[in-house]
Structures are given as structure tokens and as C-alpha cells.
Amino acid sequence: MNIAANPMVEADQTVYLKDYQKPSYVVDSIDLDIQVFDDYTHVNSKLVMQRQTAGDLVLLGRDLELKSISINGEVLSADAYRLDAEQLRISNAPDQAVIETQVVIHPENNTQLEGLYLAGKDLFVTQNEPEGFRKITFYPDRPDVLSVFTTRVEADKKFPVLLANGNLLEKGEAGEGRHYAVWQDPTKKPSYLFACVIGDLAVLKDHYVTSEGRNVALEIYAEEKDIPKCHIAMEALKHSMRWDEEHYGRPYDLDNYMIVATSAFNMGAMENKGLNIFNTSCVLADEEYTTDAAIMRVQSVIAHEYFHNWTGNRITCRDWFQLCLKEGLTVFRDQSFSEDLQSAAVQRIDDVAVLKAHQFPEDSGPLSHPPRPDHFVEINNFYTATVYEKGAEINRMMATLLGKEKFRAGTDEYFKRHDGQAVTVEDWVAALTAGSGVDLSSFLIWYNQPGTPKLEAKGEYDAANQTYTLSLKQSLKAHPKYPNLKAVPIPVALALFDATSGEQLLLSSDALVENGIKDGVYLFDTDTATITFSGVKTKPVVSLLRNFSAPVNLEFNYSDEELAFLMQYEPNGFNQWQASQTLLERILLNGHDADIYIQAIQKTLPSVVQRDPLLASRLFEVPTEGYLGSRIDTEYNPEKVQEQREALLSTLARELGAFCKETYLTLDPDLQKDFSQAMGVRALKNIMLSMMARQGDADVFDLAEQQYQTTGNMSERLGALKVLVWNDAPQAEAVLADFYTKFKDEALSMDQWFMLQAAHPKATAETIKALTEHADYDLKVPNRIRAVTGGLNANPVNTWSFGVQHIINLAKILDEKNPIVGSRLLQILSRWYTLAEPQRSTVKAELEALKPLVKSKNVSETLNSMLSV
Ligand code: TRP
Ligand code: ZN
């Protein structure tokens, strides 16, 4: 019997954190039998369940064809349960219930890429986080139900690889050209961590011996031709395993660790227990085919998914509101790991750049939400920059405050208390507090509030009394859904410098103790505060929020000269970068004069180029038009921002022309001591090449063509290709065609080819149309869709004119085919309301027109929020 869906649920599909209730039944074990055929898949399951609290026995299921259900061996008649589109409900079930179900599903038609789906000609994979498992079988599909999974997978022998989580118990013949494998995962886990893979793949093998002496078989599965591109990921995996032992005392706990690469994947990668599934873009790494940035990303995502084994899998989330418990902590851990791969300063620059370019705008607009939201309609919409990146910053602040040893004592306590449990953000903060002996409970405010705090600071020097006084004030923009905003604890890392010598002032310990400053960090946790340093003999230059010690918008009454001073004299590369970015923002958005900046960069850059080319490549970066646009809250005019930025770049090219050419001609990536320096040299050379083009250098196209033709490195090749294509050089068509011929069978390289053309500054609606009608454009592969939208969005002037229609069309199509991706792409337009008229009204009307056309919870929740400003 199908009962009508509950009208209350239909009217308001919002789920609230405050309504959390324990599940009425636990599952001791699940036996799954998955039989894959060309046109359908049979899934049989047996759940051993036990009552825990009063209430119905509820199994969640979506798009499942139920063939039979029995309880303790007795087949249930249709009136013994209630079934709707979301769940199967049994009232008065016995306290001990063995439930067996048989269902039919259709992974071969699954375009949403969640649950079990066909991911290419010869590959079936799963994606079950957050709520995909209910599309495989009926189950209490929620993260607080942990069980032991035994999985039998059966398929035609044209799929030689049959994988699931845990240990392989047996495999054998199943008749009629079919075979099977049985896997068992000894560790209890929630259903979102279940995975299986059925396919025809090659494998790269290695092994790792843990600190406890466990010999772990490591396997990376990919297409045969891609196996040579898996070595960097394999090395990163072993490095991550060692790193987690050394930094957190966490060894791996199974005898195997498998990674499977697929090109049909909604996100980056997934931490399924012992059987990670990865987007090819996050596992394949090879200088010839993928960029340096992509290679760095592969290593950090490998680490991220590996670190989830302890922060996410062994200790998981009680409910999906707690998502940032596992994601924020795991991102913080992978960022720390990546500090070993490039310099810590550059890693911090890259992480803060991402935070400010994505999380800050999200948090200042209609999609703003706390790192731990208290309500949602569709949880897939909450895998956001706020949950991941701001979540990581909260952990970083606590780690900064505690220092290495106490933070480690805190995490040790967390693992000791909660191993094997599904917990909350409160549990995490309580364990850190108990282990470190430092009360961190006020940091819970960060988890529960939306918005980026504004930190206003003023410095005053009193020459007569030789004091320097710093006044601080924090505030948050009001949010309709979250009233009662409170002051948050903000660790402010600071230093004072002598304005003439550039030396850091060593303040007397009295001055520090009086002001509550420990290890250079002042904890500002009230609405306002004042700190006074005495014995300061001359007017100092203060450096605030060093290493970006808190995710806040700092407004400090620096003079431009002081910022230029910090660009030169801050000993830490991150702080130099922060000063230069602040100065550039003033020039580009507030009309400040560029001279001071140009002089400072001329003084700073040459020595950094020699000493640390990677850092130099970052210091010489001008904020993107997209980032600059995100700093404007009303009357945003993309053309005007473009004009300002172009003007500055032209001035820089003119003033630094000779230096750029000399740097381009003398730097050689092959002479660098390691990958990260070589990567820096390549980045720097590419910047220099584009500056030369801007300056109208007569040789530049020849040099670019030469760079394109002679290199075997993708970053060098793309850097040259960009200069030729974006400047409409005579060679442009020929090199684009050459690239296509060389790389047409390499999907990740082709993504770059699509992206680069979509990102042409003079791209038009026709450019985008031609790309999306190209034979190699494929709506089933999110990477390819994102290559075009990502390229388009590199130029906000284009995004906000003809781009709007492209994105709205995609949202409409994907609303049915792949709502997770559709909803994410639509967010590109989330800052429509900041536009100046008439653009603002035009885009608004187009968004309004989309409203009645979309059905998925994903796209409609996003669209409703976007329009609720
Ligand atoms: N847990 C994954 C990670 O952070 C995220 C993820 C992968 C995901 N695939 C997904 C989230 C699909 C939602 C939907 O590594
Ligand atoms: Zn994650």
C-alpha cells in the first residue's frame, strides 16, 4: 500500500537540528547481496536490528522497486507496513527484528551520480554521502546508525574488478559467465561510508607498514592508460599515513586501502572506509598532462580522504548538521599536511585566498549560514565553503591558541573518548577542552553564527608617554534567521616593527602579560577592547592578524606607506602577501594611488624571485576581477572593476617591463632544487610572459610559441597557450588545434582546453555555444561542465552578461539530470543583487523565471535562498 505523503512534510521540507531524535532501532549487522545486470540490479539485504527506544521501525528508501520484505522469516503483507516515496515504516515491530528485503534498482539510468551508478562504459561505482545509500536498499540511512557490513557483489566477468569495503572473504564462479566476491568490513560504520565498485580497471599496487607493524596493501584502480599517472597519488598516500602517525598518533586500522578513479563524479573524492572513490581530477597527476596546481590538489585530496579515516570514519557525525565536525577538522589537517609540500607561507596564502574568494562572499550574501547550520531542506546544499573552509579556520584558531602540545593533548582526548561513536561539535570542543586544560567553549559561538565578523582596529602612538594604544571593535551584520549574534573569540596575532630599521620590536614581557598576549597572540573576545604597550620609543608599524589568525574582515587605519613597509619588512611571506593584497584592494576599489605599491614591489620582488620563486609568484599576483567584485556590496559594475584592474596591470607592465623580460629569460625550472620551487618558477615565468604581452613586447608571441612547442610540462604549455589565445596571436588557432590533436584522449587535459577557451576575455555567447556543442562536451561528466562554467566565470563581465543564460539553462537541465551539480552551478549567480541597475533587474527576472521550472529540492532551495534578499 502506498500512503499519500504527509502534507505537513510536503508543505515544509525543512529539517531542524532541534528535532534530532535517536533512532528507534540499531543495526547490529547488514548482509548485502548486489547482483548487477545490464538493464537492472538486484539488491537483497538482511538487517539484524534491535530496538533502542520506543517508536516505529523506519527504513529509508528512494526510487527502489520493492519485490519482497520479511521480518523474522515471515513475509510481510502490504498492509503490515506503510511505504511512501521516502520511507518504509513498520509499527509494532518486535524488539529483535531480522528484516530481509529484495529490491530492484537501475544504476544504468542513474544520471544523478548518487547511490550506485554507471560511471562509464565499464564501471559501476557508489556515492553514498550524505543520503545515497537509501537509493541502493531500504535502511536507516543516517550517520548515527553504525553497523558491520558484509557485501556480496556479483556481475558479468566483463567486469573483472569486484570491490567493497573491508577484507575479501571469498570469490568464485556464479555461472553463466558471471562471478562474485564477498567482502566484510570489521569496523562498524554508517551507511554513507559504504562503497562498492564493479568494473574493468587496471591497478597500481604498493604497501605500507604502520607504526604498529601492520602491513597494509595499497591499491589504486584506474584505466590502464592512466596507471602511470597514479604514482604521485601513491606517494602522497604513504606520506599521509606516516604524517597522521607522527602528528596525531593515528595509525591505519585495516589490511588494505583502495582508491578507485572515475571521471563521472560530482565532487572531488569520497572517504568510504578502506575504499575511497576519487574524481580522476583528484588522483591522476603527471607533469605532461596535468597542471602544477592540479598536482598539488591531488596530494592534498589524497591526504584529506586518508585523514578522514580517523576524523570522519572512526569518529563520525551524529547527524548531518554536524558535517563541519568531520570536514572542518579534516580540511585543517590536510592544510597542515600540505605545508610540508610547499612552504608553509605559500600554503597559507593559497588557503586564505580560497577562503576570501569563496567563503567570505558566501557568508556575506543570501546563502550565508553558520558552519553548523540549524536547519536545511537539502543537505547536499551544505557541502559549502563555510562548512569546509570556515570550519577549518575555527579549528586553526583553537590550535593557534593552544599551541602544538596542548592541541595534541586535546585531540588525543577526542580519539580516546569517542572512537567508534557518532558525535557532535560540542563533543569535539569538550574533548579539546578536557585534554588541553584550556576552556574553549566560547568557540562554539563560531560554529553557530553566520557571517564574517568585522574587526575594526585603530592604533595611536603617544610620543610624550612612549605608549602605543590599539583599540579593537568587533561586529557582525544582522541576519534575519539568526538573531542574538554574540561576540566571538578572535585570536589576533600581532607584532610591532621599528619604522626606520624594519626590525621587530621586542616588547617587554610586562607589556605582553598586562595585555594578555601569549606567543604573539591576543585573544579578543569582547565587543571592544583596548591594549596599551608602554616603553615604545618611536612610532611603530603594527602588523595585525599575522598568518590570518582569524577569519575576519580587518579594517585598520594603516597608511599606504605602512602597508608598503610591511610588504618589505614582514619576515613572514604570508604577512608580506597580506599587506600587498590590502594595498592593491585600496588601489583597485578605493582609488588610491598606485605609486607606493609599485615602488614597494620593485624593491621587494627581485630578491624574493631569487630566494623563493614560488613566494614571488604569489606576491606578484593582482586580485582577480571576481574577488574584487565580491568585495562590493551594492552598485557593482563589473566593467568598471575590469577597467581599473586592466589599468593597473598596464602600468605594472610598463614600469616593470625590463624586469619581467629579464626574469622570463633567465629563470629555468629545470635548475630548481625541488618540485615546489620549479612550480614557482613556472608560475612566475607565465606571469612574466603575460606581462610582456601586455606591454606589447615584439618577441612575446615567438617566445610563447617556443615555450609551447618545446616543453613537456602542462603548466608551461598552458601558460604559453593562454598568452597566444587570449591575445589573439596569429598562431592561436594552430596551437589550439595542435593541443587538441595531442591531448584529445586525455580528459583532464581536454578540460583545460575547454576552460582556456571559455576564459578568453573576449569570449562571447557564440564561444560558449560552440564549446557546449563540441563533440567532446558531455553533460554526464561534471568536470567538463565545470571546465566551461569555470572558464566563463574567470571574466565577471562575461558571466554577468551572456553567461547568465548559460548558467540558468544548465541549472534547468541539471535540475532533472543531476541536481547536486545543478544547485552548485547556480550559486555562481548568488551575488546578483549587488549589481548596478539595469543588470540587477535583468538577472533577477531571469532567476524568477526559473523558479516555476525547477523541481529538485537542491535547485529550488538554492534558488529560493538566492532570491530572498
Ligand atoms: N566527504 C567528501 C569529502 O569531503 C565530500 C563528498 C564527496 C560529497 N562526494 C560527495 C558530498 C557527494 C556530497 C555529495 O571528501
Ligand atoms: Zn572531507
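Residue numbering: from 1, along the chain as shown.
Each residue, glycine too, has its Cβ placed from N, Cα and C.
Quick caveat, the model's predicted, so the values are computed rather than measured.
TrEMBL lists 52-193 with the feature domain 'Aminopeptidase N-like N-terminal'. Taken together, the residues in the domain 'Aminopeptidase N-like N-terminal' (52-193) have a mean pLDDT of 98 on the 0 to 100 scale.
Residues or ranges marked as domain 'Peptidase M1 membrane alanine aminopeptidase' by TrEMBL: 233-444.
Remark: secondary structure over the domain 'Peptidase M1 alanyl aminopeptidase Ig-like fold' (451-556) totals 9 helix, 50 strand, 47 coil, with classes taken from DSSP. Residues or ranges marked as domain 'Peptidase M1 alanyl aminopeptidase Ig-like fold' by TrEMBL: 451-556.
What TrEMBL lists as domain 'Peptidase M1 alanyl aminopeptidase C-terminal' is 560-867.
Counted over residue pairs separated by six or more positions, the domain 'Aminopeptidase N-like N-terminal' (52-193) shares at least 3 Cβ pairs under 8 angstroms with the domain 'Peptidase M1 alanyl aminopeptidase C-terminal' (560-867), which defines the two as touching.
For the domain 'Aminopeptidase N-like N-terminal' (52-193), residue counts in helix, strand and coil come to 12 helix, 74 strand, 56 coil, using DSSP.
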